[in-house]
Amino acid sequence: MRIAAIINERAGTVACLSPPVVAARLSAIWTSLGHQAHVTLAEGKDMGRAIRKACRDPAVHAVIIGGGDGSLSRSLKHVVGSGKSLGVLPLGTMNYVARQFGVPFDLDRAAVALADAVPTPTDLGRVNDRFFLIRACLGAFPEFIRSRDEARRKGGSFLDGALAGLTGLARGHRLIEAELIGPDVQARIATSFFMVSNNMCRDSDPFQLERERMDGATLGVYIGQGAGPFSLMDLGLQVAMGRWASNEALIRGSLPWLEIRTRQRKPLVSIDGEVEKMEAPFRFDILPGVLPMLVPK
């Protein structure tokens, strides 16, 4: 197998070990296992350019992204339809995708596992023209993420970031007032929390956000009940206990597609942990089996 690995050189693990050392280790492991590997260190827009180049190379069989969930998510627009398999080296903060597919968190073990992994058809979510592997959120959660990331960029710890996010929510946040349209569904909502996941979430550790499966061809839709600070606090406590499927503070359902018409023209949206403003209205779809994901045996 010919591997093109694109590594985010700003990822914490890479910075600690030294980027050239990481590249040399990965290349040596894959070569020793009989594969041809080209490892590229990049950051920012250069990562996108390197991924696009690898996806257009007819000799490449697999593209492996070393970074967090956001780096992986941004690669999807290049990988989907390219005929390449996609793998992940978990070098980010939460690493939800790596957890979901059983990729080891140790760098060397992850490289070995991916060398022998099986390309497995995997569903993708899509909101407008943006793919996602995990979830897309509107309401309080994107505002929490934005405040958290600002604190982290200023040198704060993970805990500092979380506290900054909670402080920001305590000062107030925008409600999502919207009309929902789906198969046999039409409703108006006013909520602090709105999430659409790639397949349904199961009750588990909240820091894993584990889905029941990744080939169920459905979107999971989760809407917080109520719109005030107390309802948001109740929801947060339930989620902190790992309750998604049994969370009484959530209305949940599964749909193949959903349209959302919000009063805000460009609300904040969190897509696989990355926050951006997106033009409303929103169209969510599930794309069954479009991504060949490298899944360890």
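A Cβ is built for glycine as well, from the same backbone N, Cα and C atoms used for every other residue.
Taken straight from Swiss-Prot:
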- Glu274: active site, proton acceptor (ACT_SITE)
- Gly68, Asp69, Gly70, Ser71, Leu72, Ser73, Arg74: ATP binding site (BINDING)
- 1-131: domain 'DAGKc' (DOMAIN)
The domain 'DAGKc' (1-131): DSSP-derived helix, strand, coil residue counts: 58 helix, 38 strand, 35 coil
Residues flanking the ATP site, with Cβ no more than 8 Å from the Cβ centroid of Gly68, Asp69, Gly70, Ser71, Leu72, Ser73, Arg74 and excluding those residues themselves: Ile65, Gly67, Ser75, Gly92, Val97, Asp272, Gly273, Glu274
Winner by Cβ contact number (other Cβ atoms within 10 Å) across the recorded positions Asp69, Glu274: Asp69
The residue listed as 'active site, proton acceptor' as reference: those binding-site residues from Ser71, Leu72, Ser73 with C-alpha within 10 Å of it: Ser71, Ser73
Local backbone state of Glu274 (active site, proton acceptor), from DSSP in three classes: strand
Residue, out of the binding-site residues Ser71, Ser73, whose Cβ gathers the largest set of other Cβ atoms within 10 Å: Ser71
CB contacts for Gly70 (ATP binding site) [other CB atoms within 10 A, all chains]: 18
List of residues, in chain order, with Cβ under 8 A from that of Arg74 (ATP binding site) and at least 6 apart: Met47, Gly48, Glu274
All-chain count of other Cβ atoms within 10 Å of Leu72 (ATP binding site): 28
Across the domain 'DAGKc' (1-131), average pLDDT on the 0 to 100 scale: 96
